[in-house]
Each structure stands twice: as C-alpha cells, then as structure tokens.
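What follows is one structure encoded as structure tokens, with my remarks underneath.
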C-alpha cells in the first residue's frame, strides 16, 4: 500500500509538472517555456474562448487624437513614438537626448568663456602704451563679470550658488531639496557659471556641470512625461539623475570612463549596478558630440584628448623615480587636507564674525567684487603677476605644465628656449623654480578664497592646476639633480618633468575630492597611459593621507551648509560604528496626536523649539504617522482661530439656528398629521418626542447674541 501511495503521489506530481511545463533537475527547477511566450499563448487562448467580439478600429487611447484637422498627423506621430519606444526603449531615447543637450551646452559655454577671456586679453593688449589703463582694464573686466554673476544668481535662483555636487549627494540619498532642479535654477547656473569662468578667476566648471546635467535630466523627464507615463516614476528619476552626474563630468573633460567612475565616487555611497550602462552610454555619447563640435568649429583637426601630451613611450620613467612619485602623493595628501581645512575656515570666519556677516548680508555684491579685485590685482602681469605667469588662463597653464621639454638647464646643453605661451614662465631676474613656488603658494590660497564667492563655481580645476604645478616643480628639481637621467646603462633617458606634472595633478585633485578615479580622468585628458603606475601610486597615497586628516571637500561643504546627509566616518573613528540610535536619540520628545485638543497643541508649541513635530496615532499606541512643520501648525491655528473666522462661524451658527426653527415647525406638522391619522398611541411612546420638539428656544430672549 505504501509503495502504491507513493507511486500515485509521484504520478500526480509528474502530471502537475507536465501541465506547468516544468522540468525537475537535481539542483533546481527550470521552466521550459519563456514566461512572456506563455502569457501571450494564454491570452490568445482566452480570446478564443470568449468568442469573436467586435473590436474598435483604433485603440481607445487614440480616440482623443482623432478629432480636428491634424488628426492623422497626430495619430501617426503617437504611433511612431510608441513604435520607437517599444523597439528602442525609452531609456535609450532619454540618454541620447541628455547626452546631446549637455554636449551642446558644454560646447556653447566653452565658446562663450573663451570669447570672454579673449576679450580681456584684447583689452589688455590694446592699452600697452599706458600701464595704468592696462591695470584698470585688467581689474575692472573680471570684477564686472563676477559681480553680474553673483547678482544675477542671487536674484533669479540662489540655489545655483556653489558647486552642486554636495546637494546632488543629498538628493540621491532620497532627500527632496526644493527649487533645486528647476528651469530657473538651470538658467541661473549656466549664465552665472559662464560669466564666472569668463572672468579668469581660479574657478572650475566640473562640479557645476554635474548640477547642470542633473537639472537637464530632471527637466527632460518632466518634458517627456507629457507624452507618456514612463518618466513619472520616482525611482526611475533617481536612476536618470545618477546617469546625469556621469554625463556632467564626461562632457566637461571629454572623459566618459573617468566621468562615470568619478560620479559614482563623489555622489553615491551605494551604487546600483543597473545604472552602470546608462552612465557609460550617456557620458560616451556626450563626450563624442562635445569633441565632434570642436572639430566642426575647426578648433581641432580630429577627435583628440583635451590636453594632448607627447611623452616618450619606449622609456617613460625609470624604476628609481618611483620614490619621487610617492613623495608627490604624500605631499599632495597633506596639501589636499590643508586646502579643505583652509576653505572651511574662511567660510566659518565670515559667518562667525557677526559684524562682517551682517554687513555682507546687506551688501551682497561687495564680497565677490572685493575678492575679485584682490586676486586680479595680484595677477596683473606687469606687477606681481610676472612672478607667477599671471597672464595665462587655466587651459594655457595646463598646456605649458604638461609640456614634455625641460625648462631648467640641462648640464652643458643650452638653456631651453621659451616659445609662445611658455614665455610667461620666464623671468629675467629669477629662475623657473622661484616662479613655480610663487605660483603654487599664491594660487593655493587664491583658489581656496575664490571658491567661497557666492557664484556658480567648482574647485576641481584650480586644484588640478595647482597639483600639476607642484608635480612640475618636483620634475624640474629631479631634472636639475640628474641632468642625464638616473638610468645606469649606456643609453641616456632624461627625466620628463611633464610626467611629474600629470602625477601631481591627479594626486592633489584626488586628495581634495577623496577619489581614485582622477587617475582615469588624467589618462583621458592627456591621451596617454604611459605613467599609469606612478599616477596610481601617488593617488592612492594621497587619498590615504588626506582621508586620515580631513573630510573631502564635498563632505566639508555638506557640514557647512548643514544638509541632511550623514558623511562617512573618517579614520580613527571606527569605534563610533558601535553607537546605537538609542544612545543618541532624544526620548522626552513632544508629539502631536490625532485626537489632541487646542490646549494640547498650544502646550506643545510653547514647550518645545523643534522645527518639526512628530504626528502619532495616539498616546497609547505611539504609532508614527508622519511629521508636520512647526510653522505649518502655527499657521493652521492662526487661520482656524482668527477674528474673521470667529465672526464667520458665529454668522453660520445664527443662520443654522434660524433654519432649525423652520425645520422644527415642519417636524411638528408632520408629527401632528401622523398622530391625527394614526390610531392613538400609548403615552409612553410619545415621551421621547418632547426633547426633539424643544431644541429651539420658544422665546427670542433665550437665543444667543
């Protein structure tokens, strides 16, 4: 019997498996038919069972487009859109549009910035007969642009001030920041950033471009949601914002791989791998269009790296040079931590000095104008700027620092001839080492100060230039100490200071931002990976030193702005991971219940200064339903208990009581007719009617005023 039962059970199980088209294997089950195919077959079978029912010629959702003159065109456009989305996918369409728009914005901004910088050079060169007029033109031009940028941003959208990466870190964590991804902020950010960078101040565009790309993605989602509900999902919008952050870096430096990795490092604590392809596709398409536009404008002959280097490939560096690269990494770690510390202290000083803060709040444009005046005065080429290559823009400075020729004397050979823009680094009364040291020291505090100006600006590019100058200084020193190179064989391979500049740029920018992907950005910027090992060693050492001393620049700004974001704990604070919520939470917190009275609300408002009040179901269950802002509670109470509201309530009460008199008379009439038409009832049944008949006072004197 037992074997018969088991055989019957096995037979029934096998029949069930055959019905479901399911095969049992040793480890796991496997469906022999795809779920989508199975669903289609099942739907066709159900349609056959229901019989031939008449179907409308057009789908019901197309009926609203069939009215009017252009009905065929609208229906055709909608069907083409649905065919495109069904075959290509809405993600691909969105990412192509995002990459295209951002490439156009980046190229247009670069063109406008180059035009502004060229205008400043033209004004400075045209007044070479009078030094005073040259100084006035050199100082007034950037001051006007920075002041306009600060005023325009402050009036249109104050949310556009600053980098944008700290706020994007907060948004991608799920926090809603109001008015941060709107069209108004987009316009303010683009125009303000163009004017700020066109002034020639030591400011960057990489951080603001992450914000611009995120705003572009949000606006694009809102626009495309008009054609369908694909982009109304909040989770999908977060994924598109993550891809937009990669596009911002990718089209800024024409570095798609480094842009994706950098955006992941600076904006995401936990990254969803399903967004990986979105970021790579959009960033690559954006970088491609960005460089194609440069070729179309005849700025480049073909698609090349932004700062093309020509280091030798057969012997790029000697193994004995690695300690020098390690020294660059360690020194850059200390320098990056010092830059973050200095930037934070400047902001805190301005905020803590109440007199200065109050004065600057009234005169909002005075601080940016004053900072611009000081920096442009110090970089005036005939003045102190001659000791720090003052007339060079950031792009020209990087081109010269990445040069693969040695500037210092090479033993018995002739001194290097400074040609073109390299002439800015030569001074008749000092050598190149003095010029580089002065440049590093002055640009360091200038960049830390300039990034505190209330205009759209970033700090990546100034730090990148300072790191390149520091690497160049070490490279020139090594070339002076070892004129014939360190190689001991008969072949002479001289030291390449430009390689040291590349290593220094990646190390210092990585130390300030706490990222390793700056190494990849450097490879894509220069177009060569010959120094991949020194760059990685320097970047890792710089990160190790900087992370043990200071938070990253973006986490520091988050703390300054007090954004709702929990940064990672630094080194030496790992014991804080054992702290529980119950150890730090406030227990005697005031709360609002669903059935609380006016007196309870007033008591809560008077007894606490909290900005948000928790709303619970009841004092017994203590189930949290949400929170309400203190200001909203106050506004609701004042609205409910205002004198106008009281008068309105009294009027409504008087009117309702007049209505009650009329309704009671009709009740009396109905009751009297019922009693007259029905047989006489017992007295006990008539007693409950008395209170209902006495609701309205009989005399006017008893009525309320």
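Yeah, the Cβs are placed from backbone N, Cα and C, and that goes for glycine too.
Keep in mind that TrEMBL annotations are predicted by a computer and have not been checked by a curator.
As annotated in TrEMBL, transmembrane segment covers the listed stretch 276-296 rather than the other ranges in 276-296, 297-317, 402-422.
Of the given residue ranges 166-189, 430-453, 502-525, 550-573, TrEMBL assigns the label transmembrane segment to 502-525. Your range for transmembrane segment, going by TrEMBL and the list 46-68, 69-91, 322-344, is 322-344. In TrEMBL, the annotation transmembrane segment applies to 209-228, one of the ranges 9-28, 209-228. Taking residue pairs at least 6 apart in sequence, the transmembrane segment (365-384) and the transmembrane segment (135-157) share three or more C-beta contacts under 8 angstroms. Between the transmembrane segment (276-296) and the transmembrane segment (92-115), three or more CB pairs separated by 6 or more residues in sequence fall under 8 Å, so the two stretches touch. For the transmembrane segment (365-384), the list of distant contacts is 124, 131, 134-135, 138-139, 142-143, 146-147, 149-151, 199-202, 350, 359, 390-391, 424, 442, 446, 449-450, 452-455: same-chain residues at least six beyond its ends, Cβ to Cβ under 8 Å.
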